[in-house]
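First up is the structure itself, then whatever we jot down about it.
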Amino acid sequence: MRSAQVYRWQIPMDAGVVLRDRRLKTRDGLYVRLCDGEREGWGEISPLPGFSQETLEEAQAALLDWVNGWLQGQSTLPEVPSVAFGVSCALAEAAGTLPEAADYRAAPLCTGDPDDLVLQLADMPGEKVAKIKVGLYEAVRDGMVVNLLLEAVPDLHLRLDANRAWTPLKAQQFAKYVNPDYRARIAFLEEPCKTRDDSRAFARETGIAIAWDESLREDDFVFAAEAGVSAVVIKPTLTGSLEKVREQVQAAHTLGLTAVISSSIESSLGLTQLARIAAWLTPQTIPGLDTLSLMQTQQVRRWPGSALPCVSDDALERLL
């Protein structure tokens, strides 16, 4: 006997969360809970404004349509990426095919005063991997901050994300302020320039490795081993079904590229599932999941060690 519930939710964000020049005041999304006999599974559907191709309203319509079909015995996954991801997670949980083991390590997202960051990063236990968003301020300032951190913490490796913010000139201004001796400790810089060709040229000219992120979701993207490209950053909410995520990880690994499972600012429920996916598909790589601190609450499932209050499903708006 099949049954299903669909919930809609909204989480207040901390002030100062800006995506593509838009302030994100709340994170809005949906949960689906699927029950099949004694088995149940949850999934999160939360399109990311400015990044997802679908709106929340479009995702909601696609989800409700799919759930009604599933209750009648249909099984084809929806095509809308965030819905395909959430539904496939719920189905995998119900079927017992999403492993419980999780990788709760998170490359911390560094913001704030650089001097404070040096102290925090120096005290980090284990493998020191951290992430910095660049391209929000002046490229020269970004270069100076990155150089300062790499100089002050000799065993630190940084992941940088520019979200295609720079012109070739600005990218070069950034690189000019990073000591060539430290550049090998930049694990990768995600999409420094507006075009792939400009990003490739940046990698060639500076020796700073780059990673593809937005490119993975473009129709003409092909996985290939290229000089200067070290990684791909896979955001499942933007990618689609678990099977598609798995195919992309496999394609990257076959070419010797690092695959990083990364957050699209999901709620704690979605983040804990991403931690499980990372432990399953990319066990050697610290995932990029340090986004819960941007929110004011957790929901349904807790992230281990987080002091944020957790809202139960009883408090969510039920649509079905």
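The backbone N, Cα and C atoms fix where each Cβ goes, glycine too.
DSSP assigns Lys133 (active site, proton donor) to a strand. Neighbour density for Lys133 (active site, proton donor): within 10 A of its CB lie 17 other CB atoms from the protein chains shown. Look at Swiss-Prot and you will find Lys133 tagged as active site, proton donor.
The Cβ neighbour count for Asp161 (Mg(2+) binding site), using a 10 Å radius and every protein chain shown, is 22. The feature Mg(2+) binding site is assigned by Swiss-Prot to Asp161, Glu190, Asp213, with sequence analysis given as support.
Among the features that Swiss-Prot reports, active site, proton acceptor is placed at Lys235. Over all protein chains present, the Cβ of Lys235 (active site, proton acceptor) has 25 other Cβ atoms lying within 10 Å.
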Worksheet entry | Closest of Asp161, Asp213, Lys235 to Lys133 (active site, proton donor), Cα positions, recorded positions only | Asp161
Worksheet, complete the sentence: Around the Cβ of Asp213 (Mg(2+) binding site), other Cβ atoms within 10 Å, all chains included, total 24
Discussion item. I need the CA-to-CA distance for Asp161 (Mg(2+) binding site) versus Lys235 (active site, proton acceptor), whole Å please.
Written reply: 13
Fill in: Spatial separation of Asp213 (Mg(2+) binding site) from Lys235 (active site, proton acceptor) - C-alpha basis, Å
8
Worksheet item: What other residues of this chain sit with their CB within 8 A of the center of the CB atoms of Asp161, Glu190, Asp213, the recorded Mg(2+) site?
Response: Arg159, Leu160, Ala162, Asn163, Phe188, Leu189, Glu191, Ala211, Glu214, Val233
